[in-house]
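Visitor: So Swiss-Prot lists the following for this protein:
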- Ser2: phosphoserine (MOD_RES)
- Ser2: N-acetylserine (MOD_RES)
- Lys15: SUMO2 cross-link (CROSSLNK)
- Lys24: SUMO2 cross-link (CROSSLNK)
- Lys33: SUMO2 cross-link (CROSSLNK)
- Lys41: SUMO2 cross-link (CROSSLNK)
- 57-68: compositional bias 'Basic and acidic residues' (COMPBIAS)
- 57-84: region 'Disordered' (REGION)
- Lys58: SUMO2 cross-link (CROSSLNK)
- Thr71: phosphothreonine (MOD_RES)
- 114-153: compositional bias 'Basic and acidic residues' (COMPBIAS)
- 114-233: region 'Disordered' (REGION)
- Ser155: phosphoserine (MOD_RES)
- Ser169: phosphoserine (MOD_RES)
- 182-200: compositional bias 'Basic and acidic residues' (COMPBIAS)
- Ser222: phosphoserine (MOD_RES)
- 235-283: domain 'G-patch' (DOMAIN)
- Thr237: phosphothreonine (MOD_RES)
- Lys256: SUMO2 cross-link (CROSSLNK)
- Ser266: phosphoserine (MOD_RES)
- Lys276: SUMO2 cross-link (CROSSLNK)
- Ser291: phosphoserine (MOD_RES)
- Ser293: phosphoserine (MOD_RES)
- 306-385: domain 'RRM' (DOMAIN)
Amino acid sequence: MSLYDDLGVETSDSKTEGWSKNFKLLQSQLQVKKAALTQAKSQRTKQSTVLAPVIDLKRGGSSDDRQIVDTPPHVAAGLKDPVPSGFSAGEVLIPLADEYDPMFPNDYEKVVKRQREERQRQRELERQKEIEEREKRRKDRHEASGFARRPDPDSDEDEDYERERRKRSMGGAAIAPPTSLVEKDKELPRDFPYEEDSRPRSQSSKAAIPPPVYEEQDRPRSPTGPSNSFLANMGGTVAHKIMQKYGFREGQGLGKHEQGLSTALSVEKTSKRGGKIIVGDATEKDASKKSDSNPLTEILKCPTKVVLLRNMVGAGEVDEDLEVETKEECEKYGKVGKCVIFEIPGAPDDEAVRIFLEFERVESAIKAVVDLNGRYFGGRVVKACFYNLDKFRVLDLAEQV
């Protein structure tokens, strides 16, 4: 007895397991189909009967005159295409007469084309019907009704449509002139022929009417006088009236104090969508004020290691903790070497007390000046600047800054 006798030995069929099963199934199907065909042929030959020729024995005469009528063999009905008894009609092996064959042409394309044409025809009919209804509504809208030949009052929708169309076609509304100009217009004398033409005829007009265009020889002339050249330059009496409304008089200068304007007006932006008009001289003053109010750029031109702080405390407010607190506060900008507090007697309150801070690096001093200048401390605005290092070391602390 061997050591491996109890183990199953694999047969050679497992090696061809991937294709042998399908091949065996095909062979079995072919055998079944062949058996069905042979069985049907044998049954057809057994059940078909052939009758003998018919001989008419009643008629007299010789045997040569006898007529033999041959009739075709009679085949029993229903046995032409027998169905094998071993298979049902629903099995796959039985060939069907209407079985679908993808290689055989069918009417699918014709059916799809017919349905597409039908949908297109239906769509065209709906579109034509909609056009006819629209034309009918348009005719009914313009058609008059009643004895007075007035439009039908029930067509509210048509009236709304006409109203909207009228609003769209109408131009922008003109703004009525101010009442002050109208009042001054009434006060003007009647001996000016051009005044009557330029007067607004109706304030309720919906659209602005352009001025009439004249040839050079037909243009109305303004009256002769000392202000004729000015009126010609100002473009007519309308501009003259506007200037008079804002206080212009012949021979006087423009401006609040009649000083005249030597520079053009400028506009200063105050917000995202707002601004104000500034006279040229005022712009120069504002620019100088801005340069004076922000002298930080001037301070940073000559940096040193010594920072001078003014207006931190008033005269007589210096205590023992001020030096320590100031030094600790300025340690965040860099290492502070020395802190000195000096008070000038008889000086103004914002210049009386000076606090000097000596940093080890110039960069730390610059950070301190940028951060402390303009900062609020105890209700006061701190003034920070640089101080000469040599004068600080010899304790010359009262120099004018």
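Every residue, even glycine, has its Cβ placed from backbone N, Cα and C.
Tell me about the surroundings of these features in the structure.
Guide: Within the same chain, no residue at least 6 positions away in sequence has its Cβ under 8 Å from that of Lys24 (SUMO2 cross-link).
According to DSSP, Lys33 (SUMO2 cross-link) sits within a helical segment. Lys33 (SUMO2 cross-link) has a Cβ environment of 15 other Cβ atoms inside 10 Å.
For Lys41 (SUMO2 cross-link), applying a Cβ distance below 8 Å and a minimum sequence separation of six or more within one chain yields no residues.
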Visitor: Select the most exposed residue of Thr237, Ser266, where exposure means the fewest other Cβ atoms within 10 Å, treating these as the modified residues.
Guide: Ser266
Visitor: Are there recorded positions among Lys33, Thr237, Lys276 that sit within 10 Å of Ser266 (phosphoserine), Cα to Cα? If so, list them; otherwise say none.
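Guide: Among Lys33, Thr237, Lys276, the ones whose Cα sits within 10 Å of that of Ser266 (phosphoserine) are Lys276.
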Visitor: Near the Cβ of Lys276 (SUMO2 cross-link), how many other Cβ atoms are there if near means within 10 Å?
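Guide: Total other Cβ atoms inside 10 Å, all chains included: 9.
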Visitor: Can you give the mean pLDDT for the domain 'G-patch' (235-283), rounded to a whole number?
Guide: 71
